[in-house]
Amino acid sequence: MALQDSPSSGEEKRAVGSAVYDGTVADAPSSFASWFGGKSVFIGPRIGPVLDNLALDSSSDTENSFAILNKQLAVEDGHAIKYRTCSWQKTAALLFSEYICLAIMSFPWSYSVLGLVPGLILTAVVAAIVLYTSLVLWEFCLRHPEVRDVCDIGQMLFWGKKWAWYATAVMFLLNNTFIQGLHVLVGVKYLETITAGSATNIACRPVVYGIITMLICWVCSLPRTFNMLSKLGTASAFFTFISVLLAAVFAGIQSAPAGYDPRDTYTTASGQTAIGGSPIVTAFPLAGTTFVAGLNAFMNISYTFIGQITLPSFIAEMKDPRDFPKALWACTIAEIIVFSIVGAVVYAYTGNQYMTAPAFGSLQPLYKKVAFSFMIPTLIFLGVLYASVSARFIFFRIFQNSRHKNEHTVVGWATWTGILLVTWILAFIIAEVIPFFSSLLSLMTSLFDSFFGFIFWGVAYFRMRKADGSITVVKQRTLSGYLLGGLNVFLIVAGIFFLTCGTYASVMGIVDEFHAGTVGTVFACSAKGL
C-alpha cells in the first residue's frame, strides 16, 4: 500500500534541500507526533541529495521522502523476499531482543560500585538520553528513507564525503564482529558453567564449546529478513525476562550468596585479606572508589543502553517507519523498569563483597544453573542479530538492484550464507586469539559508541535544523529551542568524553589485567565458567 503525505506537512512545492513548504519556513518538529510517531508526523526536508549508490533511478534526487519510500515498496512488490515488511510490533520485538539481554545482570555490579542511589538515577538518565537520540535518528531516517544502515547516515552527516562512509563502515563492522565474538565467549562460559564438575573426554573444552556456539549461531543467522528474525527475537526477550526474574527471586530466597563467609574478615587461599559477613549494601559510593572504577561502572550502564547502531537497519525494514517511536517507547519503559528492579534486588541480597559480573555468579550452584539456562536464547540471538546487520551491509551492496537480493536464488543464498559464516569465523578467532578480549571490547565500545551513541545524533540534529531554515536556537528564540540546542551540544560533548575518558578507563583496565596476571593465553583451555 502506498503511503500518503500527512496533512501537517502539506504538498511539497520546493526543490529538495530548501526549507520552504507552501511558501513557509518549516519549524523544528515539536508536536506530539514528533515524539510518539503516527500518521500525522511531520517530515522535514532532506539535508542533502540521495547518495549515488542509494538512488533507485535518476529521479530520486528531486523526490520527497514519501515518493522514495513508495518506490521502494513498489520495487519489492511481487518478489519472493520482501524487506520492508515489519510492523512496529515486530520492530519492538527486535528492540526487546537487543536490549533485554545478559548485560542486565551486570547492573548489580555497577550499583555496587556507584552506590544504589546514583546507580538508579544514572539508569533513568542514560535511558532518557538514548531515547532522545534514537528519536533524532528516526527523524533523520524519515527524511532519508533510502538509507539502509548507519554507514549511509555517517556519509550524509559529513556532507556526502566518501571517507566518512569508509570510516563509519570500519567502526560498524568491527563493533558488530566484536559483539559476535563476545557471544561466542558467553556461550562458552555458559557451557562451562553447566558442565562444571562433570567427567568428559574433551581435550580443550573452551575451544570446542566455542566452535559449537559459533556453528549454532551461524545456523540461526540464516533468515534473510528482520520480519523472520523478529519471531526469534520475541522468544529471546521472553526467556531473558524469565531468566533475570528467576535470578532476582533466587538471590532473595537463597540462604547466602555464593562465596559467603560468616567471618567479618578472613584470609583467602591466595593469602589475601577479604571482607565477609552479611551483604554490605551502600546508597552511595564507598570512600576510596577510584575515578576509573566509577567510570567503568557508569560506562557499563551506558553501553547496555547504547544500541543505536542497529536502529537504521530496523527502520529500513519497516512497512511504515512513522510508527517506530511506538516500538522505541515500549522498549525504553521496559528497560528502565527491568534494569532497575533486577539490578537493585540482586544487589540488595548480594552486597558489595560477593558481587560478580554477570551476577549469576553470585547465586548458589543450582540456582545459578537454572537461571542462567533461561538465558540461552539471548546468548545465541543477540549475536545473530548483529551478524545479520553486518551481513545485510555487505549483501545489499553486492546485489544492489539485482534479482539475487529479492529472489530465492542459489547465488543469493550461497553468498548470504558465506558472508555469515565468514563473520562468525572471524568472531570466533578474535575472541579466542586475543587474551584480554573482554577489556578490548570495552575499549572498542568506548571508541565506537562515542560516535554511534552521541556525536552522530548531535550533528544530525543541527544538520536537520539547518535544513529546516536555520539553527533552531537562533531562529526561534524559545525556551524549548534553547534547551534542545543545549542538549545536542551536550550530546556531542558527552561523545567526546566517552571517546577520551572512556578510552582511558578501558586502557587502564587492560593494564591492570596485565599487572594482576589475569591475562589468558591464545586458545586457552583453562575453565571459563561462572
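Placed from the backbone N, Cα and C atoms, the Cβ positions cover glycine too.
Just so you know, TrEMBL annotations never went through curation; they're auto-generated.
Per TrEMBL, the features are as follows:
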DOMAIN    85-504  domain 'Amino acid transporter transmembrane'
TRANSMEM  92-111  transmembrane segment
TRANSMEM  117-142  transmembrane segment
TRANSMEM  163-186  transmembrane segment
TRANSMEM  206-226  transmembrane segment
TRANSMEM  238-260  transmembrane segment
TRANSMEM  280-306  transmembrane segment
TRANSMEM  327-350  transmembrane segment
TRANSMEM  370-389  transmembrane segment
TRANSMEM  410-430  transmembrane segment
TRANSMEM  436-462  transmembrane segment
TRANSMEM  482-505  transmembrane segment
Most Cβ pairs under 8 Å with the transmembrane segment (238-260), selected from 117-142, 163-186, 206-226, 370-389: 370-389
Using Cβ distances below 8 Å and needing 3 or more such pairs, separated by at least 6 in sequence, tell me whether the transmembrane segment (327-350) contacts the transmembrane segment (117-142). yes
Selected stretch (most C-beta pairs under 8 A with the transmembrane segment (206-226)) from 117-142, 163-186, 280-306, 410-430, 436-462: 410-430
